[in-house]
Amino acid sequence: MRRNDLLNNKITIFLSSLSLFVIIIPIYAAEKDLLPPSTSSETFLTDEDFLRPLNDDETFLTEKDFKNGEKLGEDHVPAGSILWKQVYKKGDIRGKAAWKLDPKNSESLRRNGVITGTRKWPNGRIPYVISNQYNDRERAVLARSFQAYHDKTCVRFVPRTAVDNDYLYIGKIDGCYSDVGRAGGRQELSLDNGCLQYDTAIHELMHSVGFYHEHERWDRDEHITILWHNIDREAYDQFGKVDLAESSYYGQLYDYYSIMHYDSLAFSKNGFETMVAKQSEMTAVIGAAIDFSPIDILKMNLMYQCSDVKLPPTVVGTTDKTIVPVPAPSVTVVEDDCRDRTNLCWRWIDRCKSFFFEQIMKEFCSLSCGYCTPKALQTAKASPPNYSNTLLTKSSTSYLQHG
């Protein structure tokens, strides 16, 4: 008897499940029919309501962030100067691109602008998510950087959707770095403390768009001289040259004004210049850009064929957090002797604008922190360093390292 009861129960459960399945099918079909007839399911999912569910540590930029970005002050620190100090010896290119450029690999030639289709973002559309670690002002810097691409190119940074397997994750990971072009899957772009300036951000984003550094062009020896005896041996790979078989300059001349050019002291082991321009007056120019050069903009538009591409809509995310604009901190410029007074500044570059360390950094690392006027900067570059590490007391050093 008990056996028959069990059998009857199983039959009842099976029939109930079957009935539920039969009911679900027409509901699913009806919902699918709700899509506009001219819209595929993929493009329909790009609408804000269908943005991919975020992890707890991820978010998007909002309209308020973009409005706050318009209100930012001129907080520029020349990107070419700060980047190589922030990422000392490792450089700011990592991920698959960095592996390919490892001198231990046989394929270690660098490229200026990728030309292989697999490394470009389809239609210039770059899906992203950002870390929720960024404060209001940092989010505004990111928004302002995105908007610069939206205004000057057809590249669009858009919130990641459910169908975007390849995307940027922008977060405070480890200094300032990016992969080059579309690497596939989750692609990290690090903008850590010390990297959240507009010019640094657009530099790293231009890597993700698909460009290497300007001083790595194959023809760079016609325009700059590399002073190998001043370069730290572990940083030699930062001065590789491009592979013409896989790259293109898009018909453009060497660009001393590029946001992608490092400065003349990059990866110096002794404080002396590591590269100088063949046109001597250009040595002070390289690495001093605070925005895209006209050639930077032209090359990006040529890479993505912007005159023909169908621009995807700009979609912003949503958040319940109230955003309050935070004014950019003021920077005091050191007028006279603008030099680093210790050779340890590269270790503490992220403390340059810290509320607690700013005065110490102005005193001992004015050059590295970007507190020089253009005239003082040119004088400092032309002079050997004057390090006096004894000026840093043990307590000051400990405070900077652990405070």
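The backbone N, Cα and C atoms fix where each Cβ goes, glycine too.
Here the candidates are C352, C372, and Swiss-Prot names C352 as the disulfide partner of C369. Annotation in Swiss-Prot places C154 in a disulphide bond whose other cysteine, of C176, C195, C306, is C306.
Of the cysteines C338, C345, only one is given by Swiss-Prot as the disulfide partner of C365: C345. For C176, the disulfide partner named by Swiss-Prot from the candidate list C195, C338 is C195. Using a 10 Å radius centred on the Cβ of H203 (Zn(2+) binding site) and all shown protein chains, the other Cβ atoms total 30. The disulfide-bonded residues under consideration are C345, C372. Their Cβ neighbour counts within 10 Å are lowest for C345. C352 (disulfide bond) is 24 Å away from H207 (Zn(2+) binding site) when you measure Cα to Cα. Put simply, H203 is the one of the recorded positions H203, E204, H213 whose Cα lies nearest to the Cα of C372 (disulfide bond).
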